[in-house]
Amino acid sequence: MIHIGTYIEQFINWLTLHFAALFHVIKVLVESIVNSVEWILMFPPFYVIIALVAFLAWKRTGWGLMLFTLLGLTLIWGMGYWAQTMATLALILSAAFIALLMGVPLGIWAAKTPLAGKLIRPVLDLMQTMPAFVYLIPAVLFFGLGKVPGAFATVIFAMPPAVRLTTLGISQVPKDIVEATRSFGATPRQLLFKVELPLALPTILAGVNQTIMMALSMVVISAMIAAGGLGEVVLKGITQLKIGLGFEGGIAVVILAVILDRITQSFGPKKKINA
Amino acid sequence: MSKLKIEDLTLIFGKEKEEALSLLKQGKSKAEILKKTGCTVAVKNASFNIEQGEFFVIMGLSGSGKSSLLRCLNRLIEPTSGKVILNQRNITSLGEKELQAVRRKEMAMVFQNFGLLPHRTVLENVAFGLELQDIPQKEREEKAKAVIDLVSLKGYENQHTGELSGGMQQRVGLARALANDPEILLMDEAFSALDPLIRTQMQDELIDLQEKMHRTIVFITHDLDEAIRLGDRIAIMKDGEVIQIGTPEDILTNPATDYVSSFVEKVDRKSIITAASLMFEKPTVAILRKDGVEGSLRKMRSSGLTSLPAVSVDKHFLGFVYLKDILELKAKGEHTIEKAIIKDIPVAYPETTVEQMLPFIAENGRAVPIVDIETNKLIGIVAQTSLLIETTGASWENVTGNTIDNLQKEII
């Protein structure tokens, strides 16, 4: 018998023991991010938030999505899940923010250094294919129950597309443009910020969209470790076999997903003017 | 001193560069080196000098190593060995910062596929090199605008480069390079991606521009016609080696190898070949006041010609004398040939091209006199036969008396 599980257990225990202080710092940090976002979302009356999101939807895509947003969010409010929805939204946005904060630099690094790219790719594959439930265990060990381990598991699951699409975006920058930039005496930093990132931006934004959608798919799973929000509603529906409750939570997640997807997608790649 | 000196530059691609380099020094061929080390020799021992203000063209087919050689000059590709000396400073030994400074101030490059930033406007693209030097926005935009005028892009400042045609995009590329005010302009197949008509137009504009600005230009092309149009001197590359360097006329008239001649054959020579290279020096002449009627007749008889250029004692060109006129004078008992001289003969100068001499092709087969542009002294003559052959592109070997006559009739 090969006891890989034993080793991993020992490793995780070792981490928990020796890095308790670090985990505490992370916990406080993440908690404050999630709580601040949630506070911002909950502070104004619900109709102000609905109006703002609807305005953004109209501005970015048009009347269709604006109408959908108005009706959808009002429905959520009407069903009585406004607080849960905002809690979920806060968790998703915070997790996506952290995932991008780590994922984009990692993606740049992978694009720039072939070796880093080779090392990072299998790790990303692992992160994406490992059943998401598995992350819950170390998350709980490191951070206890609540929003922070929920955010932790969500970040791990949602980060790969941010890394991948950043790498893709940077390596897709035409070689002749990179060469021209270098020929004019650009430093590596100038090359990155003035040329590569601006040109990779549409692809990176597609990564942002994917990251947010992946984070949304973790809602119910992270509810299992008391992350709260809409996931908790759905989970209650499952555990107590309340079909109505489950669907109500589910519908709220779908509405949120459609709005987030359409709006973030509108920032992504567009048709080129002169192809 | 030369502006830019390339000394023994070698570029090898592959993993075992050192070994390949030592094999190359032992005189092994490219094929042998590729077999033994898996390395490709892209440029082999290139050495040449480029002078201040010179338009230097490197011409070769794809895979000849010309673009790699160009990229070694600003080290977009690191040369494996050899030196690039700009203003007596060795570029190849510079550190990162110094190299950036050279790229910013001394050398600017224009690319075949333009390499413009699609997310920026024309003005921002042109000012890009200055932006990299952290020049304040106002100042760099002023400079950029001046260059935009220079390359006739005025009015396009705020367009995005993706909206422009190829020719316009390359103007932006050229303007971007000129905005840096570089000493040396590196142009990599700059016009190759353009339509033929636009290409010719851009070539003309570049020639005009160069007349004003006198930059040192290193221009890469695969097109010999382009090389000849633009270049003060041309280096021809094949398989990583520079096989001939010379003025366009040198290359056309004295191709160093069969490879070069195979190119040269396809070129429209009329506008390049000049009287100087077709000229027959020290022709038989009738000298006024020295060769009388008798002397002139004797010269005609011995040379088998029915017409001779007439010159004064100090070699000034006077006109032509014809056999029938001289014979008439002889019948009249005159001694001097003065009255037989036909004046108002069109003359050509050593720089006159074949194309410009076309109107001189005359029915009576008279040679074209070539005189010094300042002193009007006769330097030589161009035989009608030479002119006809150059004009029609017929090869010397197949020419017989009949074909010459036919050609002459055809042209006249």
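Cβ coordinates are placed from backbone N, Cα and C, and glycine is handled just like the others.
Pulled from TrEMBL:
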- A:12-33: transmembrane segment (TRANSMEM)
- A:39-58: transmembrane segment (TRANSMEM)
- A:65-83: transmembrane segment (TRANSMEM)
- A:85-264: domain 'ABC transmembrane type-1' (DOMAIN)
- A:89-111: transmembrane segment (TRANSMEM)
- A:132-159: transmembrane segment (TRANSMEM)
- A:212-231: transmembrane segment (TRANSMEM)
- A:243-260: transmembrane segment (TRANSMEM)
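Across the candidate stretches A:39-58, A:65-83, A:89-111, A:212-231, the maximum count of CB pairs under 8 A to the transmembrane segment (A:132-159) is reached by A:212-231.
Here the transmembrane segment (A:243-260) has long-range neighbours at 53, 57, 65, 68-69, 72-73, 75-76, 79, 81, 84-85, 88-89, 92, 212-213, 216, 219-220, 230-234, 236-237, meaning same-chain residues at least 6 beyond its ends whose C-beta is under 8 angstroms from one of its own. Cβ atoms under 8 Å from those of the transmembrane segment (A:212-231) belong to residues 81, 84-85, 87-88, 91-93, 95-96, 99, 132-133, 136, 139-140, 145-147, 149-151, 153-154, 157-158, 160-161, 249, 252-253, 256-257, 260-261, 264 of the same chain, restricted to positions at least 6 beyond its ends. Long-range contacts of the transmembrane segment (A:89-111) within its own chain (CB-CB distance under 8 A, at least 6 residues past either end) are made by residues 30, 33-35, 37-38, 41, 117, 120-121, 147, 150-151, 154-155, 158-167, 169-171, 192, 197, 204, 207-208, 211-212, 215-216, 218-219, 222, 227-229, 256, 260. If one looks beyond the transmembrane segment (A:39-58) by at least 6 residues along the same chain, the residues whose Cβ comes under 8 Å of a Cβ in the stretch are 65-66, 68-70, 73-74, 77, 82-83, 86, 89-90, 259, 262-263.
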